[in-house]
Amino acid sequence: MTESILRMRSITKTFPGVKALSDVNLEVLRGEIHAICGENGAGKSTLMKVLSGVYPHGDYDGTIEFEGAECQFSGIRDSEHRGIVIIHQELALAPNLSIAENIFLGNEQAKRGLIDWNRTNAAAAGLLRRVGLRENPTTQVVELGVGKQQLVEIAKALSKQVKLLILDEPTAALNDEDSAHLLNLLRGLRDEGITCVIISHKLNEVLSIADRVTVLRDGRTISTLDSEGLTEDKIISGMVGRDLEHRFPPHESTVGEEVLRIEDWSVHSPTQHGRLLVDKANLVLRRGEVVGLAGLMGAGRTELAMSVFGRAYGANISGKVFKNGREIQMRSVREAIDHGIAYATEDRKKYGLNLIEDIKRNVSAAALGKLAKSGWVDDNEEYKVADGFRKSMNIKAPSVSSITGKLSGGNQQKVVLSKWIFTDPDVLILDEPTRGIDVGAKYEIYTIINALADQGKAVLVISSELPELLGLCDRIYTLSAGRITGEVPRAEATQEGLMTLMTAGQEAGK
Amino acid sequence: MSLAPTNADMVVLPNPGAPDDNSGKPGFSVNLRQSGIYIAFAGIVVLFTILTGGDLIAPQNISNIIVQNSYILILAIGMILVIIAGHIDLSVGSIVAASGAIAAVLMVNQNVPWPLAILLTLLFGALIGAWQGYWVAYFGIPAFIVTLAGMLLFRAITYMILGNRGIGPFPDSVRTLSNGFTNGYLGNIGLGALGGADLFSLLVGVLAVAGFAVTQWRSRAGRLRYGQNVDTLVVFVAKIAVAAVVVMFVIVQLARFRNLPWVLVLLAFLVLGYSVLSQRSVFGRQIYAVGGNLQAATLSGVKVKSVMFWIFVNMGVLSAVAGIIFAGRLNQANPTAGNQFELDAIAAAFIGGAAVQGGVGKVVGAITGGLIMGVINNGMSLIGAPSEQVMLVKGAVLLAAVAFDVWTKRRAGASR
């Protein structure tokens, strides 16, 4: 059990101007689950790309030894041939092909040039049983949720006789139930002798599943630790190079009068006729208060927020919204912004930013009118405003002319927040504001949220991470199957209590 | 040391400690990508000047290049906006034909006064644009399909209006706009060895260059006041000087031939107006936002449907302008007019640096792209190359231009 399957020695990889990896060593033992932790930009993904041949031999310095033999991969096919399979964070399935077709994509089960569908589907069914996915192999992938698609990816890896399975943030987009299933599956694969390398930001997961943990920081190996007796704080201190004293900045809210009240808000699905997504929700937000909205994936959190935000999502919406005690109508996003509501999306790359444009044009995008006189934009004022945000929000970029697509997740999120702060809203709805960003940047985002509350704004934070809501919010609503099932002040809130409320009435809702 | 970022207390406050390094390295690849098109244009001009023994830049030929390509350049202005917004318009050739036909019927058959007839024709173009814009923006059909249908529909309408014959001749005023030149209002002036040249044209050229230099200087001063990066004074002056030399060279050649073509004057106003519109107006910014990320633009409160709609209306109007110019030039509205103009306009936009995914491109780039095609056409016909060779070269240039763009992008992406 203790021989090593993989040894990466002194891996150094440089991009023009940046040393992404410097002298990194990684040793993975056969049959273990090995976690790699590190902040965004620490070099985790780069290391895995070196390993899987995305960066071919010669593109980096150092050696890779797999099963005792040195490897010089010239591409992904090479590494897959040796039994190293990587599953990326963004799943790479063809949505309109069937599960079986996806599993054998590039590895078609053919006889004399023609695909043997019986063999394909039968083999796929066998693989699906192994990963515990009860679906027909001929089902189109587009009909599956993210969790099931993840399982299809693993089935695909198994079809390639995988020996070393690499998963990049496998549970980032999964709800707790799917995550638990996936982690169990990985334990099962370990018992079958498959070695796993898992990259994850979720440290509790890492501790529950990994045998050993390697921590990277700034492109260097900091340490490899046995998970026996390891704590989250210890990993974090390795990742950030400093001790974790406070994950959340201390904050005392001064709560003022009511700013926004949502009454009997109901939303139906725009695609599935008659399906109720939000069921008579009631919410109150007050000046200077940070309010949390907790709910499992699919509970209707984003649907609730986006439907309020100028009916940007949903069909057949009913209910009333009161701003400062007066009922308001928001039929479009523009009207919502004009009423002082801001909504920062959970998916900043897809819905939040124009990734091919620079920082200043993204910052100004939602309030261009403020920079314009009779339809003409003042470029210089725009620069000044954006540069002000770059400094005050500590956006790490050489200038506001930097393209947002090249910033790290944390800095992108700061650009999104700048955009909404520039609209000068009274109410900010922040949907998963710290998703996929590293610990240090999270702290900065929390500080910004607190500062916004101190300025008298009402903030609604939607999050999947209960510790985050507990550490940040003055009051937490729970949403379950489209219904508000609870409203808990911070002092009375516990993870267990919230989780009970978040799962309450699930059966009734379905 | 605690995890708290050292500057946490300065968030949402001016942060004197933050790195204030505005001197983003002048990325060579970025510069190459932006200026590559102009370098390529200069190279092509030099190449054909040598191949044609100087005939390419002879006074009459420069005039010909401008007049012969004016309608494609006008279409390219509209097309680049459509492409920046992430769409395409395959129907512009047919709109050119249809609006030429309408103009001819109004002016020749119905004897409507020409200014009114032009106005009505432009309105007709706007209506066609609104029709297509409706289906694309509000009904949600991909522009490729809507305008492919439009290509057939408007060609059919042209045939219905004209039957299978041409209508002409056009009033003199319209012919002058398409084909004519400014009068020598101020008489001629001797330019030594170059012979006589039209003083008015020269003055217009000098004023244009001076105006350009002054606005650029003021823009630079404004940016400096706000502490932004600007070119060093030497680079700035060099750029202005190059622009001035190129413009004055063209103007002098034109002044030596037959003064300024009216379409050049029209084109200059259109290029200037649309450049400012696309770069400085709220509407122009929204075009880029819609093309760059439709969902993000929607969630930022941009009325994306309205933006798309008006872009197609604009394309319709510019197609009508091109239609009038083209018909006036031939002195006849013809049912086959404008055939494949859409392809030339699209090629001009992509050679000029537009991205297939949308969100990227410049009016000046599209004009340069159109001129590259025009110079290749003209230069190759001057050296007597057969038309299949011209096609071959144009196809290769289009592919090479986009390949270069993709390559520089990939290189920029890899250096992350």
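Keep in mind that glycine also has a Cβ here, set from the backbone N, Cα and C atoms.
Computed from a predicted structure; not experimentally measured.
For B:37-58 (among others), the entry in TrEMBL reads transmembrane segment. Long-range contacts of the transmembrane segment (B:37-58) within the same chain: residues 249, 253, 351-353, 365, 368-369, 371-372, 375-376, 378-380, 382-383, 401, each at least 6 residues beyond the stretch ends and with a Cβ under 8 Å from a Cβ of the stretch.
Under the heading transmembrane segment, TrEMBL lists B:70-92 (among others).
When Cβ-Cβ distances below 8 Å are used as the criterion, the transmembrane segment (B:112-131) is approached by residues 91, 95, 98-99, 102-103, 106, 150, 154, 171, 173-174, 309, 312-321, 323-324 of the same chain, each at least six residues removed from its ends. Annotation comment: TrEMBL describes B:112-131 (among others) as transmembrane segment.
Annotation source TrEMBL lists transmembrane segment at B:138-162 (among others).
Look at TrEMBL and you will find B:189-212 (among others) tagged as transmembrane segment.
Taken from TrEMBL, the feature transmembrane segment covers B:233-254 (among others).
Residues or ranges marked as transmembrane segment in TrEMBL: B:260-277 (among others). Within the same chain, residues 63, 66-67, 70, 73-74, 77, 81, 176-182, 198, 201, 204, 208, 251, 254, 283-284, 318, 321, 325, 362-364, 367 sit at least 6 positions outside the transmembrane segment (B:260-277) and bring their C-beta atoms closer than 8 Å to a C-beta of that stretch.
The feature transmembrane segment is assigned by TrEMBL to B:307-327 (among others).
Tertiary proximity for the transmembrane segment (B:70-92) is limited to same-chain residues at least six positions away from its ends with a CB under 8 Å from its CB atoms, namely 128, 132, 136, 143-144, 147-151, 153-154, 178, 261, 263-264, 266-267, 270-271, 274, 278, 287-288, 290-291, 294, 307-308, 311-312, 314-315, 317-319, 321-323, 325-326, 329, 338, 341-342, 344-346, 348-350, 352, 354, 357-363, 365-367, 369-371, 373-374. A Cβ distance under 8 Å defines the sequence-distant neighbours of the transmembrane segment (B:233-254), meaning residues of its chain 6+ beyond its ends; these are 57-59, 62-63, 191, 194, 197, 201-202, 204-206, 208-209, 212-213, 216, 220, 260-261, 264. Using a Cβ-Cβ cut-off under 8 Å and counting only residues 6 or more beyond its ends in the same chain, the transmembrane segment (B:138-162) has close neighbours at 82, 87-91, 93-95, 97-98, 100-102, 104-105, 128, 131-132, 305, 309, 312, 333-335, 337, 342.
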